[in-house]
Amino acid sequence: MGLGLLASRALRSSRIIRNSTRTIVSTPELKNADAAAAAAAADAPSDLPKRHPVGGARVHLPNPEDVIEVFVDGYPVKIPKGMTVLQACEIAGVDIPRFCYHSRLSIAGNCRMCLVEVEKSPKPVASCAMPALPGMKIKTDTPIAKKAREGVMEFLLMNHPLDCPICDQGGECDLQDQSMAFGSDRGRFTEMKRSVVDKNLGPLVKTVMTRCIQCTRCVRFASEVAGVEDLGMLGRGSGEEIGTYVEKLMTSELSGNVIDICPVGALTSKPFAFKARNWELKGTESIDVTDAVGSNIRIDSRGPEVMRVVPRLNEDINEEWISDKTRFFYDGLKRQRLNDPMIRGADGRFQAVSWRDALAIVAEVMHQIKPEEIVGVAGKLSDAESMMALKDLLNKMGSNNIFCEGNGMHPNADLRSGYIMNTSISGLEKADAFLLVGTQPRVEAAMVNARIHKTVKATNAKVGYVGPAADFNYDHEHLGTDPQTLVEIAEGRHPFSSALKNAKNPVIIVGAGVFDRDDKDAVFAAVDTIAKNNNVVRPDWNGLNVLLLNAAQVAALDLGLVPESDKCIESAKFVYLMGADDVNLDKLPDDAFVVYQGHHGDRGVYRANVILPASAFTEKEGIYENTEGCAQITLPAVPTVGDARDDWKIVRALSEVAGVGLPYDSLGAIRSRIKTVAPNLLEVDERQPATFSTSLRPEVSQKVSATPFTPAVENFYMTDAITRASKIMAQCSALLKK
């Protein structure tokens, strides 16, 4: 009975298709764009209401000769040649259902959910894989298209389990939404559903492979974006499944993005499993501060707790991807937090005190110390407002010894072009040759590395690397381990010199680890010579870049956080650590008084005499500037912990107690102060390029040493106080060392 019903429905469907189709358009008609467009325009309805592109779809028409016109449900649409039918529909404001198609991945065309009707085509076509042709008439809402999608959805649901009540994808599942919109209200499949063994991809991605619909998004992402060939399609027919050929973990710093691109609940977040539903969460737009890229994120919270972090679209910085560290560090926000002001007693133990008492002790000690013996250090996660306040406080106390950890004692702070990415992150896609000097972008700035990988994959750009042995996910030449290689390239004696010379848009990226070298000036002089000899810096192109490591470095240099003496730590008697946990205090005198202002009980606490609890970046509003010189703002997603306060408010209160009150008591006032020092920091979400070239840098007589470059980041998953407190990051770190 079931087979008879199925056969009769198939016959009726084929009869409908035969009766509704016409003869296939001939090749000459397709080639004559003007005739096709004119014929289609004659049939187009007039006075159509205006439509808007779907999902932020954008169309750029630089050359009128490369433009064709198609008709989507009667609406004329101008699109560039080479676009697919699906892209034309998006520009026309029509949302086409899809599972396998993703705008940043190659076209697979295997889910068939995007079927539409094209006039004079004998059957529905897969719009994601069909090129749009001049004058093409596309119909997206006809009975044939609806019937085709309903049939495809029925096939997809045949083996899909009824897990929605216990599936973490519930509420934000493409299969749920599209089955509701395009599926039937009943199914005819009565056989046993298949089941698939789950795969172990590591501590971050949870797999329930029985839910998989074989869209291959994860496979294509791993290969094309992450640059690892860990996933693939195995078997065929009903035995087809996605997994690893040999049992192994997914070894990529971008692996968590498969959670976002999976249209069903096959790949979900393992730390977030069974924690909350998406409609229970409050989303707050913010940025990531665990590296210097400033990836755009959305912080999802419930009550006082951050539940998860997901990416936010920004074409110029992170596109729609984020690193695993960015996505999963959040559990560190609730561990090892500092809740109350504390002072170290005579027995070496900390005891909680009031804010008034803590600030009074700090102010009293500051007045007893000579100004030149007072040192301030801004940490990796410091915002611009707090660094401005700390600098003003120390200046009023007579000290100019303040710096940001990671910048060293002698950063290239004279010219802004000497410490930012002049090419910009998105501009890397225009490069055709890369020279990486002492930097490993894969662990220092994963999203910058993703751009380089994207460029190398698309254009076969050549990559030369000078530094210690490293694991890159794209083809590269390891040129050497020490700066002597740079001298050879500068003099044209190295084979890679020809690659830079022949490149149209060469790029040089210098790692921030060079700042800590004794021969820093000589290294940068060699890099400047390479740039000059190979036309790296031109009026229309600046390919000379410095890749910084943490979120505070660029803003600190813009604000002038440069120490007056390179021996300030050795002679200091009072050190103010504002979230600085990785600064080297080995040479600090034993009798020095140390104040630690921060949000985690990390390395800086062990040397502290007074602890002042501060807010984390998820609990305050602050300006951060990324490595390309773009200022962005974090917004508070959850309330502060315990008796903690914002960093700049603590410094402001301390100045009042010390009798040198700072002239601002609000964010607006302190930003007005910032405007007088670094106005570019107030141009939020607008990249401010450097005005002057590094060619203005003075000549140096220093010679490069034979000391090899060293890795700037030893452990990708643990780089700051928050990530070191994260249990998830600890699990990833343990697997990394195996």
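Including glycine, each Cβ sits where the backbone N, Cα and C put it.
According to Swiss-Prot, the protein has these features:
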TRANSIT   1-27  transit peptide
DOMAIN    66-144  domain '2Fe-2S ferredoxin-type'
BINDING   Cys100, Cys111, Cys114, Cys128  [2Fe-2S] cluster binding site
DOMAIN    144-183  domain '4Fe-4S His(Cys)3-ligated-type'
BINDING   His160, Cys164, Cys167, Cys173  [4Fe-4S] cluster 1 binding site
BINDING   Cys212, Cys215, Cys218, Cys262  [4Fe-4S] cluster 2 binding site
DOMAIN    281-337  domain '4Fe-4S Mo/W bis-MGD-type'
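Highlighted in sequence order, Pro161, Leu162, Asp163, Gln169, Gly170, Leu175, Gln176, Arg211, Val264, Gly265 have their Cβ within 8 Å of the centre of the Cβ atoms of His160, Cys164, Cys167, Cys173, the residues recorded for [4Fe-4S] cluster 1, and are not part of that set. Using a 10 Å Cα-Cα cut-off around Cys212 ([4Fe-4S] cluster 2 binding site), the binding-site residues Cys114, Cys128, His160, Cys164, Cys167 reduce to His160. Secondary structure counts, DSSP: the domain '2Fe-2S ferredoxin-type' (66-144) has 10 helix, 23 strand, 46 coil. Of all the binding-site residues listed (Cys164, Cys173), Cys173 sits in the most crowded Cβ setting, with the most other Cβ atoms within 10 Å. Sequence-distant contacts of Cys215 ([4Fe-4S] cluster 2 binding site), defined by Cβ-Cβ distance under 8 angstroms and a gap of at least six in the same chain, are Phe99, Cys100, Ala108, Asn110, Cys111, Pro263. Residue density at Cys100 ([2Fe-2S] cluster binding site): 23 other Cβ atoms are found within 10 A of its Cβ, drawing on all protein chains shown. Note: the [4Fe-4S] cluster 2 site is recorded as Cys212, Cys215, Cys218, Cys262; in the same chain, Ile213, Gln214, Thr216, Arg217, Val219, Ile242, Val258, Ile261, Pro263, Val264, Ala266, Leu267 also have Cβ atoms within 8 Å of that site's Cβ centroid. Cys114 ([2Fe-2S] cluster binding site) is surrounded by 28 other CB atoms, counting those within 10 A of its CB over all protein chains shown. Each residue in the domain '2Fe-2S ferredoxin-type' (66-144) has a pLDDT score, and their mean in this model is 94. Cβ environment of Cys128 ([2Fe-2S] cluster binding site): Thr84, Val85, Leu86, Ile96, Arg98, Cys100, Tyr101, Ile107, Gly109, Cys114 lie under 8 Å away, each six or more residues apart in the same chain. In sequence order, Leu86, Arg98, Phe99, Tyr101, Ala108, Gly109, Asn110, Arg112, Met113, Ala126, Ser127, Ala129, Cys215 are the residues of the same chain, not among Cys100, Cys111, Cys114, Cys128, whose CB sits within 8 A of the CB centroid for the [2Fe-2S] cluster site.
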